[in-house]
Amino acid sequence: MNKKLTACLLSAAFFSALGSSFLYGYNLSVVNSPALYIKAFYNKTWLDRYGEPVGTETVTLLWSITVSIFAIGGLLGALSVSLIVKILGRKGTLLLNNIFALIASLLLTLGEKAKSFEMLIIGRLIIGVDSGKSLCTHHLSNHVHRSFWIPSSFVVFMASLVSRWNYLFSFLAFPAILQLCVLPFLPESPRYLLMERRDEAGAERAFQKFLGKKDVSQELEEVHAEARAQENLRTASVLQLLKNPAVRWQLITIVVTMACYQLCGLNAIWYYTNGILQEAGFATNIIPYITLSTGFIETLAAIISGLMIERIGRKPLLIFGFSAMAVFFSLLTVFLNFQNSMSWMPYLSYVCILAVIASFCSGPGGIPFILTGELFEQSYRPAAFMIAGIVNWLSNFAVGLLFPFLQETLQSFAFLVFVVICIMGTIYLYVVLPETKNKTFLDISQSFAKINKIPAPSPSHEIELALSINCDMNEKVQDAAKMESSL
């Protein structure tokens, strides 16, 4: 059934995305453009404090911590968001996120004037917590998420043309202030009101405002059906998931895929694009324009992938994406080593960077999150998503912390580390992962039964009943869930 798009619903979707997906993409790349200025600030601050210049290794360590601490904050935010949402609701959680963003913006903006690099690090940690909570609150799809990286790249581009790098961080307050102005006029999540607060009248009013119609009995029944299904569902803990041999290789597959998602090198491109392009031989004054183009390439590739995923399938896109990244990282290494031999060699390095980004977005950029939902039945999904989230943020932290040291030690050969990771991920996925497109959970479980060394599950009455209930429920609440995902 077609749903009417109302101003209230569109406002909720836009402003919630502005405070989550936009800020996530912005904070991944915001430290890239002013890297030289921030390092100079570290050196000046250290000199003022201790009367001597800071060592090169210390600067690299401080810079790595500033970049990577964002991921630790994201992990803390992701782990705490469920409890916070239960207490405050989604609307209250968004308001709390805005407070975090304002505090982080204040610390990051005033850090230079206060001559305190500790304020920068703490601010990055806090904005990471905000991003981790925001992304988990909105549950936006990865392709929609990427569509907000274009304006992020544009803002970074504009701000990178001036040396006042702290203005980059002050912009974090802008989406927070907008949300604080708009959220009081938007209703609370109907799903939260009905399932958590048991407030049917409030949920009815919220549905009416979001959908712009008086009769919302069908929508209320859909949420009631979901609530009944959850009441009858016994959710497994993380420990139970780890102990269950029937899902052992599914879990390993998710861990491997999520680790490759972060360790494949794409975040190194986003965190350190300017340094990579400078090493490739590009003039400093044109690097902001080159950086801007990467955001457009990523979004274009993500849109094409979104259109093709149901036609081609998950496994082929994952294998193609990781293997193509391995090829282009290898070529980038070659071109960086021969950049001084020919004047046009830096342009080949630039093409390789764009190709790496497009390869990532063709499959690895979104499919790992889809697989987490497809490889596990409903009772195991919360625990599986928690493990996937932990691996995701810790791997992000590892890349942000270690890549500068890798680059200093290995120089242009640093990208060969990502080549190895991409090749290993490709081989694993080719050997272990079955295609999940248009397959039920039972079909997927049968594909993993042999490697898990358990008897293949049979479609018993209980399984058939559970599947039919889940399928029926999913069909009924699909539209409502899509709407709720933006709240």
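From the backbone N, Cα and C atoms, a Cβ is placed for every residue, glycine too.
Lifted from TrEMBL, the feature list:
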DOMAIN    13-437  domain 'Major facilitator superfamily (MFS) profile'
TRANSMEM  61-85  transmembrane segment
TRANSMEM  92-110  transmembrane segment
TRANSMEM  167-186  transmembrane segment
TRANSMEM  251-271  transmembrane segment
TRANSMEM  286-309  transmembrane segment
TRANSMEM  316-335  transmembrane segment
TRANSMEM  347-371  transmembrane segment
TRANSMEM  383-406  transmembrane segment
TRANSMEM  412-433  transmembrane segment
Contact between the transmembrane segment (286-309) and the transmembrane segment (92-110) (3 or more Cβ pairs under 8 Å, separation 6+): no
Paired segments the transmembrane segment (61-85) and the transmembrane segment (167-186) in contact, 3+ CB pairs under 8 A: no
Ranked first among 167-186, 251-271, 383-406, 412-433 for CB pairs under 8 angstroms with the transmembrane segment (347-371): 251-271
Selected stretch (most C-beta pairs under 8 A with the transmembrane segment (92-110)) from 167-186, 251-271, 412-433: 167-186
Tertiary contacts of the transmembrane segment (383-406) (same chain, 6+ residues out, Cβ under 8 Å): 60, 63-65, 67-72, 74-75, 78-79, 132, 136, 235-238, 240-241, 250-251, 254-255, 258-259, 261-263, 265, 267-268, 271-272, 368-369, 372-373, 375-376, 414, 417
Positions on the same chain near the transmembrane segment (251-271), where near means CB under 8 A and six or more residues out: 28-29, 31-32, 67, 241-242, 294, 318, 322, 325, 329, 353, 356-357, 360, 364-365, 367-368, 371-372, 375, 384, 387-388, 391-392, 395-396, 398-400, 403, 415, 417-418, 421-422, 424-425, 428-429, 432-433
